[in-house]
Amino acid sequence: MTGSINVIGYALATLGPAIGVAMIFSSAINGIARQPEARGALMGAVYIGFAVVEALAILGFVLAFVIR
Amino acid sequence: MTGSINVIGYALATLGPAIGVAMIFSSAINGIARQPEARGALMGAVYIGFAVVEALAILGFVLAFVIR
Amino acid sequence: MTGSINVIGYALATLGPAIGVAMIFSSAINGIARQPEARGALMGAVYIGFAVVEALAILGFVLAFVIR
């Protein structure tokens, strides 16, 4: 059996952030559908939330290279 | 098979916090969509909640380096 | 394959508390969005709930160092 267990580690690290970012955008889409004029106020919170959740997956990507 | 099981540890440590932070921002987005003027009062609670939940994932990131 | 299974232990210990703390803050944000003037009364209960749920994850962090 070859390969590195770090790849499985990164794979598991995408599970939560992928669902999380989808939840954030999903809420934003529902909110914009209900009140299109609130779009500007919404998207500020969306971008902050997206950045901090996506960062968790990117840290897993970095970790797979750094740790041996 | 190479790699470190610590990467899997970090990966599992992102699952809960990623979904948790997404739940917090999702609630905030829904709240802003319903009452855009309540945005300032909401975001205070959002940042506190985000910080304490995200911290759990960051502790896992630190642990992956510290523990051998 | 290197690394310590204690990191996986801590990681699994964050899953429940992260989602739990997120549920508490999510409810608080929904409550503030509905009645912004109730914010002070809400946050008292939020901090107590947060402390006892977050403590479970911190205990897992301590355990990862103490037990070999």
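For all residues, glycine too, the Cβ spot is worked out from N, Cα and C.
What TrEMBL records for this protein:
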- C:9-67: domain 'V-ATPase proteolipid subunit C-like' (DOMAIN)
- C:Glu54: site 'Reversibly protonated during proton transport' (SITE)
- C:7-29: transmembrane segment (TRANSMEM)
- C:41-67: transmembrane segment (TRANSMEM)
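Counting residues of the domain 'V-ATPase proteolipid subunit C-like' (C:9-67) by DSSP class, helix then strand then coil, yields 57 helix, 0 strand, 2 coil. Around the Cβ of C:Glu54 (site 'Reversibly protonated during proton transport'), the same chain contributes C:Pro17, C:Val21, each under 8 angstroms and 6 or more positions distant in sequence.
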